[in-house]
Number of protein chains: 2
Amino acid sequence: MAFYVQKYGGTSVGSVERIGAVADKIKSFRDEGHDVVVVVSAMSGETNRLLGLASEITDQPSPRELDVLVSTGEQVTIALLAMALHERGCDAKSYTGDQIKILTDSAYTKARIREIGVDAIQEDIKKGRVVVVAGFQGVDESGNTTTLGRGGSDTSAVAIAAALKADECQIYTDVDGVYTTDPRVVEKARRLEQITFEEMLEMASLGSKVLQIRSVEFAGKYQVPLRVLSSFVDGPGTLITFEGDQKMEQPVISGIAFNRDEAKLTLVGVPDIPGAASRILGPVSAANIEVDMIVQNVAEDNTTDFTFTVHRNDYQRVVQVLESVAEDLGAQAVRGDNAIAKVSIVGVGMRSHAGVASKMFDALAAENINILMISTSEIKVSVVLEEKYLELAVRALHTAFELDIQSE
Amino acid sequence: MAFYVQKYGGTSVGSVERIGAVADKIKSFRDEGHDVVVVVSAMSGETNRLLGLASEITDQPSPRELDVLVSTGEQVTIALLAMALHERGCDAKSYTGDQIKILTDSAYTKARIREIGVDAIQEDIKKGRVVVVAGFQGVDESGNTTTLGRGGSDTSAVAIAAALKADECQIYTDVDGVYTTDPRVVEKARRLEQITFEEMLEMASLGSKVLQIRSVEFAGKYQVPLRVLSSFVDGPGTLITFEGDQKMEQPVISGIAFNRDEAKLTLVGVPDIPGAASRILGPVSAANIEVDMIVQNVAEDNTTDFTFTVHRNDYQRVVQVLESVAEDLGAQAVRGDNAIAKVSIVGVGMRSHAGVASKMFDALAAENINILMISTSEIKVSVVLEEKYLELAVRALHTAFELDIQSE
């Protein structure tokens, strides 16, 4: 007899048949005596269809009207899922973000949740109903419809689980858990029984797309036990835990994340004067380009090479920005490389284990892989390398840190 | 400088291009200095697409969830139209039924409007905005989404026009006004400059599909000047007036309505005892079959032939019901005919003109058309005849009552 908040994403409710399968799954939880609140996304493809209509009308849709438009996607799903539950003899009631009241700020298309109304849900739960809530959407203080940004349904689910003090927030998706790395790259990648919030945050920020990063932050902040499971295959999934909850000694490294969508820029021969960094990054940020890793080394001649990485989509724009910055600062040249990738090892275990970074560098050197940049944090080490070495590097590290299946 | 509430139906907003054309039209009204509130339907086909999804899930969808589902159709349109107005430099803001507050009762799928919130609209109008409202939908006192039933967007528009005391409620549709009869049947059918509410009500109830009958009742009750116009062709349309507003002497007959979807049933030789009629119609009504015309004549032998008409779709079911009624009552036989049609002449002018009915019967007799049933009201005379004579009868009456174009 537990109380679950379950979230089903777009693929899980992508057709009438799949909505039926989700209803079957929910009914089996009810039959076991559990209370269930369900948060759903739009049927896969629907949000893009709606955005397509808007883009046929205008290049610059009003964010307020965009939210009115796309929030219909989840509204369709809640009605259909509630009907499918009724059809199975399962009492259920749907709610939009406005009806629950998922109160947000007024930042259309990327609103942040302020408060969740719990009264209606608690009353329905008491009556034995499954409550079906539209994810991704909310309402601001003036009654305007807002959305939380793409993938926001995960955040809706976690926020509702936090507000209702659910026993577990279960995120049903098209993968059966969090893996040590991408199984498409490393055949021996292993599903993790559990992973800490901090590790999950690093994995998510490094390109592992299982959970939206904001939902993980939210769950960590409000101490909501979070589990990632498959909608299509039964199994325990991966539980995201707090560090104190670890049942056994954790391996040093939990997983290997990577990201291909990177580009590297270097401003060569920047005069080493105070404020140079901000004169470089100021214009980049003003152009709305996000910077990831930053490395700077002062050379003997009192000039410095300033290197950073950006999303590959921003590569052309950032080169343009840097060319005028170089002139302004009297730097010698702008160099860029958009055939790079980032590989990171992640694990809370490295806090207490020295030598993790050097073990990583050794493993890469053994494969003759040159490291272009290095950046470290308390629970991860990231390196930038030539993109062509990406798969080789991930496999080498997966083996070196004993993550392969047969090593269990 | 007038204040218009304009309603654009599903065909008028059936594609992104047509939404653009509607935005152009609204902008031209704004440029002329008029204030405009726009009520829109779902893009044509959308409501059926949504109902199709529901029907794939269940044969008996919960009415509450059906309303949550189909109300998304209008929500998509308001967002797209507001964007199209912005794109044309026209300030605009969209509202769902919930946001305006279009307060209704809780009769899902066929709710009735109780009250319209006017504050937000009036504030926006003051700011020079076009207000775009989702038709067909409302919200009940508990915050549940409701819909007004098919065609309910007309009713939304009229109710908003009444609440805001608009100068005119303009219903834009795919025809350019109300005609003396269906132009597909009578080539010489003429658009009416004006028609009274009572006549419009009769025309609507007799099968002329230009306006939803509830919206006409509503406009009559709240004295809202109503005009039917084409979204696609410029023109003055047809103004629906109050009897006192008539500018000129009205013709005796304003139009000829007809309806093919009828079937006729006769219970022959019913003993003429008190309560026979209710013992016949009671079971029919209990089977949820609506009865239209009713005729009864007592014969010499103290039995009576009881005849009535129903929608043709109910024909088989009503025959079954009547067979058991006949046995129960000791009637001689059940006779039915589902190849009949109803033709009606409508006009407030007939109140003051004797002989309208006989002129009608003469015109039909001149064409050798046999009249099977007759029913009259203050402003209409309806006859039932064999379906094969329908077109001939309508044309003959159109000419007899001087409605043809050349007679102007």
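Glycine residues also receive a Cβ, built from the backbone N, Cα and C atoms like all the rest.
Note that TrEMBL annotation is computational and uncurated.
Small disclaimer: the values here were computed from a predicted structure and weren't measured.
Taken straight from TrEMBL:
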BINDING   A:LYS7, A:TYR8, A:GLY9, A:GLY10, A:THR173, A:ASP174, A:TYR179, A:ARG184, A:LYS209, A:VAL210  ATP binding site
BINDING   A:THR47, A:GLU74  substrate binding site
DOMAIN    A:265-339  domain 'ACT'
DOMAIN    A:345-408  domain 'ACT'
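Overlay of TrEMBL feature records on the structure.
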| residue | record | DSSP class |
| --- | --- | --- |
| A:LYS7 | ATP binding site | strand |
| A:THR47 | substrate binding site | helix |
| A:GLU74 | substrate binding site | helix |
| A:THR173 | ATP binding site | strand |
| A:TYR179 | ATP binding site | strand |
| A:LYS209 | ATP binding site | coil |
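Here the CA atom of A:THR47 (substrate binding site) lies 28 Å from the CA atom of A:TYR179 (ATP binding site). The local packing around A:GLU74 (substrate binding site), expressed as other Cβ atoms within 10 Å of its Cβ over all shown chains, amounts to 31. Note: none of the binding-site residues A:GLY9, A:THR47, A:GLU74, A:THR173, A:LYS209 has a C-beta at a distance under 8 Å from a chain B C-beta.
This prediction places the mean pLDDT of the domain 'ACT' (A:265-339) at 87. Rounded to the nearest whole angstrom, the C-alpha distance between A:LYS7 (ATP binding site) and A:GLU74 (substrate binding site) is 12.
Among the residues the record lists as binding ATP, namely A:LYS7, A:TYR8, A:GLY9, A:GLY10, A:THR173, A:ASP174, A:TYR179, A:ARG184, A:LYS209, A:VAL210, the two farthest apart have Cα atoms separated by 25 Å.
Note: the CA-CA distance between A:THR173 (ATP binding site) and A:THR47 (substrate binding site) rounds to 17 Å. In this structure the C-alpha atoms belonging to A:THR47 (substrate binding site) and A:LYS209 (ATP binding site) are separated by 18 Å. Rounded to a whole number, the distance between the Cα atoms of A:GLU74 (substrate binding site) and A:GLY9 (ATP binding site) is 10 Å. Cβ contacts within 10 Å of A:GLY9 (ATP binding site), excluding its own Cβ and spanning all protein chains shown: 23. Ranking the binding-site residues A:LYS7, A:LYS209 by how many other Cβ atoms lie within 10 angstroms of each Cβ puts A:LYS209 at the bottom.
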